[in-house]
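Peer 1: My questions will all concern the structure given below.
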């Protein structure tokens, strides 16, 4: 099983063995003696050859599935290699030096199937700068700085819905209705948008028409961010006026409905009545603009918010008080919490996304910094909801980067294409959508 | 053998034999040669003057004044005038001496003369002289130092004159000659002929070239110091074996070496002579290059100035000022986040919304005022003006969403931005509507009028700058032209304008309100004056040291003033420390266009035409015992230079974040973030 390397090369060799947790791609255990200068491509070649050879020798993989036929030949695949918990990106030698891996024993190298590069699917022209994107039910919802709401289906066709593109500037959006799996219909979807006019508007879609359902009034300055909880009953929003406001979205709720004066009612009777609501709770505590809010995935009454005052705060909304506070190095631009493992990825006004553990209360320690963006800010970060290791970050350097938590020094993939700053990103249902200041939304498909 | 033989002449072995002093020819007291020849004169008959001189001792012995003991071993004791030996007299024995002592009554007055070897008998006179000297008297015999005093003039006053002559008439009769002279002078004065006393003719001053060449008072300081720190000329290397007249064989050139020596350039030769062998020193010829080499050495010594090298044995790092680590001075802006694009042509002025820092307003050459969202760099509103915008300023009171805009065509406009808090927008709109523009007097220089959503002030001159007072009611404007009435102070609530300065005190470049008091700083090209507006008096005049001030900024207390100059200088004026700048810096290579001080962080920035912004850590201590701190921390570059060599035109800090915003001549606004 030795691969032919030139024996005259007098360099260090190290013994490695491959293993995998995925039973489908398991190869027989054997120890390889490889020079330390090997890189991922060499290991890939080695592994593929080993697998093919073992296939040929009818040493069948420890597969739980019955083999379809003997001629089911091994197909060359691209693997990624992990030593310990870290991806191998450079040559083995550099890796050993950097992480001080013991070379006396056999180095155990885990291999996983390399994920495919995200494929560009659509390039959607928006009427203005894109301020936010959401993906739901196979549709891409986005808001623009011109006040438009653009809804595009999976095929890249824009769904024209009658919108009242008033003179306003939309900054954020959130889907209220939780997507049902596999559904592609639009009817019944509700979503919440907020903007510079200090209002949040709840839109509903019925029979292919978009209509304003509820106006949420209460912020004193532009609404920067909004988030709806998992059972679509509450929304929390943050604003430039440093306050967080919690809104009741239940249609049965009347307690927070804003009663207009009789006169006003009389004046506006002609118009179609839209309900106006006031906030349930107002939470102050930040000293600067609130840039992002997130519901706590493991505790329904809690939420996280990040602000330009360099902090991420966990709030108890029932008590309207602060639970814990993470002090960051710079002003935060975005946070996102993975719904499964509770890790919090954040972006600051610099080029480095940072990973925190939101569950530890004294968690001011940065777990990981991801270095790779070239200058500017990281504007937004989003986890892959299907994979607890992957996230995407978009930056003012016109690129988006896909990362794996286990590889902090280099990204998995760089997504180029935008000609201006990327302002927002969404990752859902196997799609990455990025919205940029060049007035386009680009959609990428991930495996 | 020295390798630098070419320069310093080395040969000293063959010197001219003129080192020895020639016997000096006898000279007279005028320095002329005396022609003295030894003359042997024939013995003269006894001359009466032979023994005339008392200076000369017995001249019978001519050996001169030499120790006589030199003749101890000789039979003679000298020579007489004719050159004959003077035979030493036979030495007297003890007995003989004794007998002589006994017999000769004059023995006591005899003295042995070494010169002649004989005894000399002293005369009575001589003996008395010796006595006198021995007893401390005057040696002259019979000299009386106490002669009786002859009193010629008595101290008594005589009543009778010594002579009996009558007093001459001239003593008491006025002189006719003098009268005639006086009358002539009077007449001359009357006629105007008279000339004043003759002016003394000053002798032409002559510079005495040789006056005091050696005197120390005419020597300059450098000469004195040169004398004090004398530096000897470098020594010539000692000769080596090769330079010997009879060098060992190995030093002599063989043919190859000789050829090589001849082929090399004169300057490149290792030794500048060819070793040669002579049998004897006397066969060594005169050194042919002696004069040349001596001359060259003199020339070298004269032309190559020698100077003492002051070597400092110090660690170079010790010489650097003790600067703190920039990482300790964080936060300060470090990287360019993005450009905000939208203006065509120069962006002349930018200003940030005072409290939240969400909005930025910019005025440009294209005649528009744009309102931007700083976080995303999105232009949310554009106001069209009738002329090129020269200055914009947000009202410092956050409740009023007002923007003062100066634009060409001699206008200043007060706009309601209509951005931000809607409630405040409405209030501001009401405030603008309530401004009493109708109540102004006729003939006012500045006319106020309402036009749609804004107030427009028609000014008498083009306006360079507008700036608000911290209370948000007053604002000041500065004219571009160099005129007396260039500064106007406007009051919004009364819709009134007034010109506080009637006299021209220099070309006003910028004004700034004191942040807390009713005071105004007025910067002319080289001075800054602080006026009390309530009492209308000048408080202080500051000498900046700048040649052409371009911009001015105050700190939060109004105790410090930051000035940027077109002469590339930046000055920090501490108003508590007199009227001179506390710090002057020159970090830019082109004119400084704008200065800004952060309201919350100890940060200061200057922007310049050289395309860079300097960020300083500038901490101001309210405690007077502590020195302020000023450290340059970062140089930021952005924007492209335009054809007229302009780059960064204006700068401002974000009110809450350590972010710097700069306006470029290329039509972009850059945001630098931490």
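If you go along the chain as it appears here, the first residue is 1 and each next one adds 1.
For all residues, glycine too, the Cβ spot is worked out from N, Cα and C.
These came from TrEMBL, pasted as-is:
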- A:14-96: domain 'NLE' (DOMAIN)
- A:216-257: repeat 'WD' (REPEAT)
- A:255-277: region 'Disordered' (REGION)
- A:257-266: compositional bias 'Basic and acidic residues' (COMPBIAS)
- A:371-413: repeat 'WD' (REPEAT)
- A:415-447: repeat 'WD' (REPEAT)
Peer 1: Do any residues, 6 or more residues outside the repeat 'WD' (A:371-413), come within under 8 Å Cβ-to-Cβ of it, and if so which ones?
Peer 2: 82, 85-87, 89, 115, 117-118, 333-341, 343, 345-353, 355, 419-428, 430, 432, 434, 436, 446
Peer 1: What else in the chain is close to the repeat 'WD' (A:216-257), if you only count residues 6 or more beyond its ends and a Cβ gap under 8 Å?
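Peer 2: Sequence-remote neighbours of the repeat 'WD' (A:216-257) are 169, 171-178, 190, 192-202, 275-295, 297, 300, 303, 305, 307, 315, 317.
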Peer 1: How many of the residues that make up the repeat 'WD' (A:415-447) does DSSP mark as helix, as strand and as coil?
Peer 2: 0 helix, 20 strand, 13 coil
Peer 1: Please work out the helix, strand and coil residue numbers for the repeat 'WD' (A:216-257) from the DSSP assignment.
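Peer 2: For the repeat 'WD' (A:216-257), the helix, strand and coil counts are 0 helix, 21 strand, 21 coil.
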Peer 1: Going by DSSP, how much of the repeat 'WD' (A:371-413) is helix, how much is strand and how much is coil, in residues?
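Peer 2: Secondary-structure breakdown of the repeat 'WD' (A:371-413): 0 helix, 19 strand, 24 coil.
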Peer 1: Over the domain 'NLE' (A:14-96), what is the model's mean pLDDT?
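Peer 2: Looking only at the domain 'NLE' (A:14-96), pLDDT averages out to 71.
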